[in-house]
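First the structure, in the form of structure tokens, and then the observations on it.
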Amino acid sequence: MIKKEKDVLTLDNGRISYSIWISPNRHIPVHLHFGPSAKPDVEDVLKEPQANFQLLDGDGFKTIDGIYDGLAPVEVGSHLRMDLRPATVIVEADGKTLTDFRVVGIERKAPQYPAYWPFPRHIEGEEWLCLELEDINRPGLRLELYYCLLSDVDVLLRASKVINHTGKTAVVRKLGTSFDFPFSFDRLEHLPGEWAGERHLEKSPLPCSTITLTSAEGRSGHAENPYFSLHADGLHYGFNQIYSGTTANEITTKFQRITRASILFGGPGFAYRLDDGESLTSPLAVASFSKTYEGLIAANHEFVRNHIVPETRYGDRDPIVFNSWEGAMMDFDTASMMEYASEAKKIGAGIFVLDDGWFSTRNDDRHGLGDWRINESKIDLKGLSEHVRRLGMDFGLWLEFEMANVDAPIYEKDHFVALGGDAKERLFSRNQLVLDFSRREVVDSVLDDIFDSLKEIKLDYIKLDMNRVLGDYVSSKTREGEIEYRYVDNLYYAMDKLISHFGLKMFESCASGGGRFDLGMLCFSRLIWTSDNTNADDRVLIQSGTALSYPLLCLSSHVSSSRSRLEDKCNVAMFGTYGYEMDPRKLTDEQKAILKQKREIYDEFHADCVVNGDYFELSSPFDSDKYIALALSKDRNKGLLLFYSLSSRGPKGLFVRIPGLNEGQYLVDGKPYDHSTLSNIGLSFSFGIPYGESRLITIRKAK
């Protein structure tokens, strides 16, 4: 609900609210409140910290509308005037970047994006507020600020749009949204990482300075996930954005103990030209709130589950995916892959995915990428797909359509088809170049090649990979400062085309593992390959960090041929999508028995508890020597408890209390317990669990 009382605008869903005061004389949008539902009084909110905000002068509150916002809580800060914090909107025109936006109108409308862009689903009935502003020094330079507070989850959506009606050319150098808080926070939490070590939780106090969190990879990246959160006593805020390129989030804390959190996109070279009449809209920023830490995680999960990921096309339970990569790499033929598929069916797989190596001269990572002609001397792809279907399984393929090796015809024909322009030394990574996806004609050419090559293959599933970061930001046709944004725009265009052309049932994203794990990709892919590291003791750290913002149903997790015990790999993968990635022909009878037992647990518990249930992290591996996670069904009739030991001694004398249970009796691995015992005393782990080993415990409501 959006309400206007005098000069105060409030968005309220009955649990949380967001309030803005439009100062009546200077028309500055002043931020009043974001948190539990409240009706803030302008004078009460702003007079208390008057020495901090520089909103008042010696005459007191009556002149609040006459002093500029040096440290005031505002909806958009000025640039090069008196705002002492970084601006979130910088537009250059006539060589000047000074901005001073004032409100000129209030509308009820939503931001508009291309039809193929990622956008939350199931929000058609939600109300949007739009503040229309204009720069008082540059008539015709307009800014629109959008707000939508969702009714079913405690999440606020925001966006900013720059419109150039100056009659001249303008250049957007910085664009995003900011959240000003009239207080400071105890700590920042964010998710830095690296290849095979993505999204490791880092907690830190906030200095009186500006912290920038960025990946600078041209994608959301391994180095820094777009999600971060701020925490104070009883106040927990999460921030993210629906975008898959470089993000550059800023958190500024001033000595006066006030905070600005800025949600930004684009790298340091970002410069987007707007001719007269043109506009640019930022990706949607996402802000979640809860009074508790656990509630913030729940809000993040419900938002992604309800409004971001595509709905499953497999009914009540997604099939188990088998991927050929770790078992075969690129060394395979038709017979071996048919054997793989037959054995995969026996261990419960419902989808068979042939990974890299099925096309052109692709027998190593130095050749063939970008040439999507089927290697018919190596693989009978149509025959394999038909064999998979006769087994009652769906069929999928691996693609990496943004890249090329130098022997690909598309590159041999025109070197300018790749980023780098006429550089004397091209930047290679994993022996490949990045195609210039900032150019729509390049994208269409790649798609045409793929569609033509696979015209006789029925695909249900595609795994889309991206095995290097962007570099050589030079294009033969695209302006340098616009390359990355246009690249991401065309990536969304290409994925939309790919999914619709094949009528895919499921789409999986990957980028050297988890290098593009973000809300933008999740709008297309229900699951994202969480990391190339499938060792169970490493995966618990990666999956724990990822699950702070993203629900378990998105965490593509396979039982692989890595060094960990099979039992532990199964247990950890169960707290993700649960799939297989090994040579199934080499499984022993003992290993097959373990997989059979875990598949029975998957069939009974996974959809209700992991995919659609509630997640509780009872012990973080970043704060302790163990990872304890609980997945409970919404009706609280089922649960899975994962205990993973990271201590060389193993836990002893430990009781784990189980939250969220209903009254009555429960069976824990078949043993009866009263709910009060489990909730108030806990489940005993008095026995030792060796380092790197785990236990997966089932919880059922007794009948």
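For all residues, glycine too, the Cβ spot is worked out from N, Cα and C.
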Response to the item:
Among ARG430, ARG439, ARG440, ARG563, the candidate listed by TrEMBL alongside TRP195, ASP355, ASP356, LYS463, LEU464, ASP465, MET466, ASN467, CYS510, ASP532 for substrate is ARG430
Worksheet entry | Sparsest-packed among the recorded positions, when each Cβ's other Cβ atoms within 10 Å are tallied, from ASP356, ASP465, ASP532 | ASP532
Item to complete: Sort the recorded positions TRP195, ASP356, ASP465, ASN467 by C-alpha distance from ASP532 (active site, proton donor) and give me just the closest.
Response: TRP195
Worksheet item: Averaged over the domain 'Glycosyl hydrolase family 36 N-terminal' (29-273), what pLDDT does the prediction give?
Response: 90
Worksheet item: Where does TRP195 (substrate binding site) sit in DSSP terms: helix, strand, or coil?
Response: coil
Worksheet entry | Site extent for substrate (largest Cα pair distance over TRP195, ASP355, ASP356, ARG430, LYS463, LEU464, ASP465, MET466, ASN467, CYS510, ASP532, Å) | 20
Discussion item. A 10 Å Cβ contact count, applied to the binding-site residues TRP195, LYS463: which residue has the minimum?
Written reply: TRP195
Worksheet item: By a simple count, how many Cβ atoms lie within 10 Å of the Cβ of ASN467 (substrate binding site), its own Cβ left out?
Response: 20
